[in-house]
Amino acid sequence: MSQRQPQSPNQTLISITNDTETSSSAVSNDTTPKGWTGDNSPGIEALCAIYITYAVIISVGILGNAILIKVFFKTKSMQTVPNIFITSLAFGDLLLLLTCVPVDATHYLAEGWLFGKVGCKVLSFIRLTSVGVSVFTLTILSADRYKAVVKPLERQPSNAILKTCAKAGGIWIMAMIFALPEAIFSNVYTFQDPNRNVTFESCNSYPISERLLQEIHSLLCFLVFYIIPLSIISVYYSLIARTLYKSTLNIPTEEQSHARKQIESRKRIAKTVLVLVALFALCWLPNHLLYLYHSFTYESYAEPSDVPFVVTIFSRVLAFSNSCVNPFALYWLSKTFQKHFKAQLCCFKAEQPEPPLGDTPLNNLTVMGRVPATGSAHVSEISVTLFSGSTAKKGEDKV
């Protein structure tokens, strides 16, 4: 008869624990504390594949998000309302990639939680803050795109950038508030296998023996960080679709071309935000479902099998990968960002094309000419400068 091993209650990223080593012991058939040796345990090839995958996620994610942030701060034309939110999203992804992903990678070789009680609280707080920033930012972005599509010709106020920065800061504060209980109640708990007389330390948001708390925690995480925000986003995008379906351009002929371009630009950005939302939903769904499954079908012991381990690794990797795919989705969807991304990636400054007259600020437009002087053949130069506080064509929605 095969020996039954304990199964840690949390085998998902949503509760950042050292449960992978206990789940690895669940797929092992040996009696050693590590849980990595035995007929059913992952071999060196599997470990190498796991660490290569994590290394790719971390390096590619840091590179992509760092370039996105650099493009935003170095390129004046990219400092627009939607790009402020997207840059805030990149900061949240970088935070996760620099802290939680490397910590999670240590679980596959370590026997217990390595970072102590303080590390447990801090990392739990960072992890949930990053997830909150991502989903709440996407929700606000969807609301912003709905307003832009419904009122495509409305000029933004002069303080729009400042107000958007304040909104982005508010999202971070709200995410931290939601993550605060996680930091307060997270602790290092002992998980024991009576058959092997071995104990493991696990960073959890609740005592391992409290099944009801586990069920409540998994449901709250699923609702607050997935179902509710995505439901709000779905409502906004259904309204956007209805508006676009019913819309007719009842505008004067001389303004037709400019209005169409502005509307098409805002529709294109709405599509970009929708792709980012879809990527978030796809990457995080397996993680949430797996956490719910383990919370409501908890068993103290599980038969040794590679399947739980593989499914757990897949859900973690997919969730982490969401933090590195956004810059490349923007590269695919936005020619403007693609140009700046290539310039930064190749370490050279892209040549800036001569801006067309329609994009030239009127407060910087100078007209020069030569006219003959009165009563003589002498030719004089004249220079006329136009002063205005607006531009001929706005770029507030460039992505």
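For all residues, glycine too, the Cβ spot is worked out from N, Cα and C.
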Checking Swiss-Prot: are F115 and V310 on the same side of the membrane? yes
Residue carrying N-linked glycosylation site as stated in Swiss-Prot, selected out of N10, N197: N10
When you check Swiss-Prot, which of C120, C165, C283 turns out to share a disulphide bond with C203? C120
Do the transmembrane segment (164-184) and the transmembrane segment (83-103) share at least 3 Cβ pairs closer than 8 Å, excluding pairs fewer than 6 residues apart in sequence? yes
DSSP-derived structure type at C120 (disulfide bond), helix or strand or else coil: helix
Counting only residues 6+ apart in the same chain, whose Cβ is under 8 Å from the Cβ of C120 (disulfide bond)? W113, S186, N187, V188, C203
Below 8 Å between Cβ atoms, which of the listed ranges 42-63, 122-143, 314-333 makes the most pairs with the transmembrane segment (221-241)? 122-143
Average pLDDT across the topological domain 'Extracellular' (294-313)? 69
Long-range environment of the transmembrane segment (42-63) - Cβ separation under 8 angstroms, sequence gap at least 6: 24, 27, 36, 93-94, 97-98, 101-102, 104-105, 108-109, 306, 309, 313, 317, 320-321, 323-324
